[in-house]
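The compositional bias 'Low complexity' annotation in TrEMBL covers 29-40, 184-200. Residues or ranges marked as compositional bias 'Gly residues' by TrEMBL: 201-214. What TrEMBL records for 52-179 is domain 'ALOG'. What TrEMBL lists as region 'Disordered' is 1-55, 170-227.
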Amino acid sequence: MDSTSRVEQPDPNIVGSEGVVVGGGEGTGTSSASAATEGGQSTTVSAAPPSRYESQKRRDWNTFLQYLRNHKPPLTLARCSGAHVIEFLKYLDQFGKTKVHVTGCPYFGHPNPPAPCACPLKQAWGSLDALIGRLRAAYEENGGKPESNPFGAKAVRIYLREVRESQAKARGIPYEKKKRKRPSTSSSVATAGSAIAAEAGGSGGGSGSGGDGVIGQQPPTAPNTTV
């Protein structure tokens, strides 16, 4: 068979730290361009290197495109659906580094198992969620329309939710989002009254304590769907 007809094999080196998916792509080195000056001399202008997020997003995008090329039958991006995205996420589980206990394991639901077991390693929910966020952004940056974005499909969101819930039970680690703290009505009224008193009478009134308005830190998960 002619060498040009060989199917390109997927690159197995697509997993970074703690299940973060990476792929083959360009490096993160700086790029430079030469510009001619009036005297005929050239000067080199160095562009700022891409951020870590942008580099990761580019590698993830290249990995997904390679997956489509290696798919049997090969898939085009235009025909990719939410079902194909879920298939891609399941494919990535073989490169995962997170132990997910099965129902029959004695350490099921144990956050710190005292001994090793034969349960499979998978991609952590947080890694999949962040990956989908990057791919969703990359799809639109590469000309895709938001309304046809397969990474934002309802089926993908449902799948990620199921992965989150199943891994929370298996690992004994609940995934809970912190809720935004809202100032109470009484505190807001007291704060407004204090401001009016200070403006009208100088230093006479005492100041009421309003709500802290602090928004709890969200999990490092993406956008979006949140794999």
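In case you wondered, yes, glycine gets a Cβ from its N, Cα and C as well.
Because TrEMBL annotations are produced automatically, they should be read as predictions rather than curated entries.
Mean model confidence of the domain 'ALOG' (52-179) amounts to 93 (pLDDT, 0 to 100 scale). The residues of the domain 'ALOG' (52-179), classed with DSSP into helix (H, G, I), strand (E, B) and coil, number 77 helix, 4 strand, 47 coil.
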